[in-house]
Amino acid sequence: MEQFHGTTILSVRRGNVVALGGDGQVTLGNIVMKGTARKVRKVYSGKVLVGFAGGTADAFTLLERFESKLEKHQGHLMRASVELAKDWRTDRMLRRLEAMLLVADHETTLVITGNGDVLEPNDGIGAIGSGGTYAQSAAKALQENTELSPLEIVKKSLTIAGELCIYTNLSHTIETLD
């Protein structure tokens, strides 16, 4: 069976406001299975934003694990992310999961990968998924050359990615923390 794949998840931070959004397309091979999936969530009583890319079932498994790590570490984003990455790298079952997470709270944005990487973007812009580089490039240009809010930057950048990446559509879910 072919793997579900392809999406665009983008996070932009400006000042004390962060926005995280994603498109809604789910593909199986070369078929669009759904166009309105929610790949972005608020967790931990609305204090943390999470977006996921990769295999759908794998991503939900990781999302559940991440939420339990947040609870265990009282919402400390970095600690929960590092602990999830450790488990992901060392647990035989988790090691096979093909997904990535983009997480953010009021202070930090992190990309968590299946290789055990926990990466904090330098410029407050993080992106994952097949259209991530398109969205990240657009967001960087908009952040450096406009006064748009993070919400507006995410929306415009996801639209640009959707026009360029065949695995990304124009149906967006965007959440913010301010």
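Just so it is clear, glycine is given a Cβ too, placed from its N, Cα and C backbone atoms.
These numbers come from a predicted model, not from an experiment.
Features reported for this protein in Swiss-Prot:
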- THR7: active site (ACT_SITE)
- GLY162, CYS165, THR168: Na(+) binding site (BINDING)
Shell of the Na(+) site beyond GLY162, CYS165, THR168, same chain only (C-beta within 8 angstroms of their C-beta centre): THR8, ASP23, GLN25, SER130, GLY131, TYR134, ALA135, LEU158, ALA161, GLU163, LEU164, ILE166, TYR167, ASN169, LEU170
Rounded Cα-Cα span from the residue listed as 'active site' to THR168 (Na(+) binding site), Å: 5
C-beta crowding around THR168 (Na(+) binding site), within 10 angstroms: 29
Cβ neighbour count (within 10 Å, all chains shown) around the residue listed as 'active site': 31
C-alpha spacing of THR7 (active site) relative to GLY162 (Na(+) binding site), in angstrom: 9
Number of other Cβ atoms within 10 Å of the Cβ of CYS165 (Na(+) binding site) across all protein chains: 21
